[in-house]
There are 2 protein chains.
Amino acid sequence: MGWEPGIVSALMRLGVRLSESEEKDVFVDSITLFVTLLCGCIIIGHLLEENRWINESITALIIGLCTGGIILLISGGKYSRILEFDEELFFIYLLPPIIFNAGFQVKKKHFFRNFMTIMLFGAFGTLVSFSVISFGAKEFFEKMNIGFLDIQDYLALGAIFSATDSVCTLQVLNQDETPFLYSVVFGEGVVNDATSVVLFNAIQKFDLSQLDSKIAWQFVGHFVTLFISSTLLGMIVGLLSAYIIKKLYFGMHSTDREVALMMLMAYLSYVMAELFDLSGILTVFFCGIVMSHYTWHNITDKSQTTTKHTFATLSFIAETFIFLYVGMDALDIEKWRFVSDSPGKSVGVSTVLLSLVMLGRAAFVFPLSFLSNCTSKSKNNKIDLKQQVTIWWAGLMRGAVSMALAYNKFTRYGHTQQPGNAMMITSTITVVLFSTVVFGLLTKPLVRWLLPSSSHHSHGDSSEPSSPKSSYTLPLIAGEGDSEGRPNGNTIPRPTSLRMLLETPGNCVHYYWRKFDDAFMRPVFGGRGFGRDISGSPSSSPDEMSLH
Amino acid sequence: MGWEPGIVSALMRLGVRLSESEEKDVFVDSITLFVTLLCGCIIIGHLLEENRWINESITALIIGLCTGGIILLISGGKYSRILEFDEELFFIYLLPPIIFNAGFQVKKKHFFRNFMTIMLFGAFGTLVSFSVISFGAKEFFEKMNIGFLDIQDYLALGAIFSATDSVCTLQVLNQDETPFLYSVVFGEGVVNDATSVVLFNAIQKFDLSQLDSKIAWQFVGHFVTLFISSTLLGMIVGLLSAYIIKKLYFGMHSTDREVALMMLMAYLSYVMAELFDLSGILTVFFCGIVMSHYTWHNITDKSQTTTKHTFATLSFIAETFIFLYVGMDALDIEKWRFVSDSPGKSVGVSTVLLSLVMLGRAAFVFPLSFLSNCTSKSKNNKIDLKQQVTIWWAGLMRGAVSMALAYNKFTRYGHTQQPGNAMMITSTITVVLFSTVVFGLLTKPLVRWLLPSSSHHSHGDSSEPSSPKSSYTLPLIAGEGDSEGRPNGNTIPRPTSLRMLLETPGNCVHYYWRKFDDAFMRPVFGGRGFGRDISGSPSSSPDEMSLH
């Protein structure tokens, strides 16, 4: 490998430099090492792509662990990480590109068709999981005589361990083969991230030591307001970007300015949400959806290709960076020193938390699937047991969001001084490492066993015209991801009977939304068929390309 | 303007927040404000594109000044800037994308054909300018009774004010209409930046108070070593990226990984140079050239479009950010308080420096042009007076590099405590603002007057087959930017006589380089015709697209 000498020399320099403690040089050293490791992760990840077990997250995590070990050896057991885990770095720079790209590349057709299922799993499911973990942690930890946690800490633990990390599963699921499963796992992941962060912030803010119904209702009200206003802000910024690019750039396109404006306005939506104490994750996700529906159709072909791949690349780099960092941070000696006095207790805590994570997820995936199956009349919409297990499994991994929230709650200025807090941090690291590596290694074989790619589980897919539902659903949602285009919306048939309207209120809403979209939104904000006067091959949506 | 309410509310919040001094919120506020202003600059810059006087640098500078003024009013005269001017931010994050993009998009054909002229103006010219400014400043400032500067300070001033900023001129010059002028101004700008930074660092390092011949020779040796090793490092990293992508990705392309790897390795070359105390500017510039010559031909069509525009966009954003920042920083009240006691002296210092800048540049542009005209036998290669004036004018602007070096020399931790240092900082700001705004406003009319676009000054251009030089230069340099492609290099004719070889040693070197390139480099590292097995339309170089 050509890059290994670079790592070794950088590490050797690092060992020398740390004793000299020249701050600026250590900074450049760290960046060099990190960039080198990122390159290594990409190359090795590419080489291992066909491997049966490993995926890119695990590669980055293991490379991070190894590097941490080497630094630990070179520095004589003093250091394992070279950059402090910085919440600011994570929430301000690394998370926004990942979530924005998620919104930008999601197959909107499937996302909105399964919107209710996604919200049920993502928002309500996370609340169930949160309750199970909080309550379970309180019961077990009090029995284990870990008495330094108060009610707020238990609730925070619930929120921390409700944040799933479905990146690993999404790398295995195929968006084309299992569109329903993909959109549910994907959508649930995003809504879940947002829900956990919002929950966590709400817990930090409210004094929940005397929980009465008034405070509970305030809490719920706060939660709902945050949810709706964050979504609205994202949509407004997205529409603004579409409007600006459509109005200003008419007949006078400039690729670099278009790309720059899209990148900056996407980021603007996130920091504005943070500024107004909203959920930046939700805001930037919906900004991504609106941008891919309107703005993306107003820019040149070159800009379309560039934005599509740039956003995916930035997201990819940020993801790799996070896993690499979590791996390097795991060996930090300072945290482990506190828990080395009571290793049994530490292992117990991690085991309890891991079991609660599995239990908490089972507590909503199977009942909600059963509920969903009962209300669904079409046989096509039923979620069979194998799919339920896949959904359950997809949310068992815990990742960077859990880490960031745990650091926020249990450390001050990056250091873990209290033994109790140190134990919570090490337990979080243990759960994250174990779930990502062990569950992650099992994901590829499990998914292949549960969902053999030969039998296409095209659940609810529009390619099955046999069901009564899809006979009119198809035209309603066509034109979003299909190649035929839809220059004017007059070809949409109206629902023909009241019975059909009552049976499928979601589709009815969708139908009127499409009418509104064609009559008002697209002419104003652009979109497919309205964006540019440049003719040529019909442009497809950014969600039509695969992620890698 | 849709974004104005955003600015106003952000500013109002900022005014409130600063008194509360919540550090994290101020940080998010600053980012929001900066991103909003960047969007504003892009939109206004686009609207003013057809304007006779204004260009994007001036737009950003003026918006920065206005915002600084508004913040000054809101904060009651306490603050004008919201982010400290941070050398680290500038040299680690903002400068690399600009310089890399310069190397990536430069028309290599013209750059290498005029290589000697560029080096003469860029390296030797900068040394002349440095000597004139250092010596002149010493003479004048000692007469003006500003007695707090030592010899090292005068030399530093020489290096600081030798760093030109040709962004403004390049926005006006047309790469296709005046390829010779463009490549000279552009190439000189890059070499000049590198030379000034290397000079500045060398001055900081060497004890030049007792200047004898031994130290002078050590200084020259250090300078040359730095220059060569920086160039080599950039080329090695560039070739490594080409090799990795060619070997690993054969038949199995992944757009996001390719783009990520190119971005990361380009940045890696810069931070490695900084790590080894080399000139990152030179390294990343040559890495850009090598990547556009080899690596870029090894990746997919989509990756090619994406990298081309992503690098250009990042560079564009970084440039706008710098000018915006310089504008906001200029009104910072703290610095001006120190010089308000002696306004006359401050104006005097700025006037002297500005005159020395103009004199120092004239002192090498006109003599070197004369020298170049004497040695050049072809009439086509002569630089006429109008072109000389254009070259002279193009390097009069002073920009972000001067600012960053001045801050490095005359401040400690972002604060200017000593009155003498404060005066040097304010003088630098005055020179930067005056030269960018006043000279910048005059550039468009001046260039249009000196070089009317109807009479194509295609100096040394290959489209003129009348000259004896171009009759064999054309095939030697063809295939680099021409659309015909050159799958195998066997069609290149050899120079037919010894006379021609002696007359044009540069072209001879170029000829053997091309043979070596075709026989060894391209088969190993890829490149046009060797990169991919994917057939299709012949891919052109990234330097063929216009920058905006």
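The backbone N, Cα and C atoms fix where each Cβ goes, and this holds for glycine too.
Taken straight from TrEMBL:
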| type | residues | note |
| --- | --- | --- |
| DOMAIN | A:36-449 | domain 'Cation/H+ exchanger transmembrane' |
| REGION | A:457-497 | region 'Disordered' |
| TRANSMEM | A:26-48 | transmembrane segment |
| TRANSMEM | A:60-77 | transmembrane segment |
| TRANSMEM | A:89-106 | transmembrane segment |
| TRANSMEM | A:118-137 | transmembrane segment |
| TRANSMEM | A:180-203 | transmembrane segment |
| TRANSMEM | A:215-245 | transmembrane segment |
| TRANSMEM | A:265-290 | transmembrane segment |
| TRANSMEM | A:311-328 | transmembrane segment |
| TRANSMEM | A:348-371 | transmembrane segment |
| TRANSMEM | A:391-410 | transmembrane segment |
| TRANSMEM | A:422-442 | transmembrane segment |
For the transmembrane segment (A:215-245), the distant same-chain contacts (Cβ-Cβ under 8 Å, at least six residues beyond its ends) come to 123, 194, 198-199, 202, 205-208, 258, 261-262, 265-266, 268-269, 272-273, 276, 278-280, 282-291, 294-295, 298-299, 524-527
With the greatest number of Cβ pairs under 8 Å to the transmembrane segment (A:348-371), the stretch among A:26-48, A:118-137, A:311-328, A:391-410, A:422-442 is A:118-137
Quick check: do the transmembrane segment (A:180-203) and the transmembrane segment (A:60-77) share at least 3 Cβ pairs under 8 Å, counting only pairs 6+ apart in sequence?
no
Exercise. Would you confirm whether the transmembrane segment (A:89-106) and the transmembrane segment (A:311-328) meet the contact rule of 3 or more C-beta pairs below 8 angstroms, pairs 6 or more apart in sequence?
Key: yes
The transmembrane segment (A:311-328) and the transmembrane segment (A:60-77): do they have three or more Cβ pairs under 8 Å, with pairs 6 or more apart in sequence? yes
Between the transmembrane segment (A:391-410) and the stretches A:118-137, A:265-290, A:311-328, A:422-442, the largest tally of CB pairs under 8 Å belongs to A:422-442
In the same chain, residues at least 6 away from the ends of the transmembrane segment (A:422-442) whose Cβ sits under 8 Å of its Cβ atoms read 53-55, 57-58, 61-62, 146, 153, 157, 160-161, 165, 168, 323, 326-327, 329-330, 335-339, 345-346, 349-350, 353-354, 357, 393, 396-399, 402-403, 406-407, 409-411, 416
